[in-house]
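Single-structure report; data block below.
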Amino acid sequence: MAKAKFERTKPHVNVGTIGHVDHGKTTLTAAISHVLAKTYGGEAKDFSQIDNAPEERERGITINTSHIEYDTPTRHYAHVDCPGHADYVKNMITGAAQMDGAILVVAATDGPMPQTREHILLSRQVGVPFIIVFMNKCDMVDDEELLELVEMEVRELLSEYDFPGDDLPVIQGSALKALEGDAAWEGKIIELAEALDSYIPEPERAIDKAFLMPIEDVFSISGRGTVVTGRVERGIIKVGEEVEIVGIKDTTKTTCTGVEMFRKLLDEGRAGENCGILLRGTKRDEVERGQVLSKPGTIKPHTKFESEVYVLSKEEGGRHTPFFKGYRPQFYFRTTDVTGTIELPEGVEMVMPGDNIKMVVTLICPIAMDEGLRFAIREGGRTVGAGVVAKIHE
């Protein structure tokens, strides 16, 4: 079969399967791939191809992840599936696989299990915005009431973590039966795909968001003023627009009087581009690496936040020994390191390499941040952990 041409015309959405071990995440991934390829065209991936997840490195952290793609009539999906629980934890915390929505797989034969809860909590902490439930192995449960009970339990568990448990879609199906070509169960996979299309809104593209550029370098150009350089993270900056300089020091306002790229003058700089931005009336010593340029009023500097952190194992080049409360490493945000102190959850005395943990961080100077911002934890330039801002305190 000829490979379908990748169409840029369809909106692109990132999703993934989450849930307890052996509840059928990988089987469901294979079933979606097969049923959608059969129904709408495309290439089907087998269970064994997906299960044999290649090893990747994200910020020095080893993660096993399978990536597959599939199409519905209106969208193109990129879907991630991980073999082990630890891979999910690392994936979600580093943002290696940023999900616009997740498919929570729960076996009807078991109901919600410890990792079901943990993956829902992680989704909440790292900011996965939407969850759809696929109740799997429903062919093995004869009792209609039991299925209703499991569905109710899952909905309550999601509500507990502030997802709209009463309103989100729950599809009862059997991934294995669908994979074996049973038409009735294949219909449930189509139903799941339709739920993805209708329930997960089209993600806002980086270019449509409010302008933000982390400052990497500062130069003064005689007769012209101060130029800051960096890669535009989101949005568009046009010549003549007001910008704020946020982080480290007090926030100040200035105007963009020029945009340069590869020594050419432009009218604007866009998300993904490396630009130099000329700032009106700003002195060279008033800006520094680690600050951000942003559209006024869209991002604030903060020093204290709750985070979800994965601590690198010794094998990944992390610490060989645990750390305790009072630990003072550097937190690397976007372009710079800031020293901070940590508070561990009650009853936690120490954190071992390879653990994931919730911690409250207090930085010695403020950094421009939103919930969902990723950071690295470093000691003398060496990465020992990865984290995500879950909740801003002050």
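Each residue, glycine too, has its Cβ placed from N, Cα and C.
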Query raised in the report: Pick from 81-84, 113-116, 273-276, 293-296: which range has region 'G3' per Swiss-Prot?
Result: 81-84
Requested in this report: Identify the region 'G1' range according to Swiss-Prot, selecting from 19-26, 315-322.
Outcome: 19-26
Report summary line: DSSP puts the residues of the region 'G4' (136-139) at 2 helix, 1 strand, 1 coil
Requested in this report: Could you list the residues of the same chain, at least six apart in sequence, whose Cβ is under 8 A from the Cβ of H85 (GTP binding site)?
Outcome: V21, Q115, E118
Report summary line: Cβ density check for D22 (GTP binding site), other Cβ within 10 Å (all protein chains) comes to 12
**Report entry** Tertiary contacts of the region 'G3' (81-84) (same chain, 6+ residues out, Cβ under 8 Å)
**Finding:** 16-17, 21, 25-26, 29, 50-51, 53, 63-66, 68, 91
**Report entry** Positions on the same chain near the region 'G4' (136-139), where near means CB under 8 A and six or more residues out
**Finding:** 23-24, 27-28, 105-109, 147, 172-177, 185
Report summary line: Cβ atoms other than its own within 10 Å of the Cβ of K25 (GTP binding site), all chains, total 26
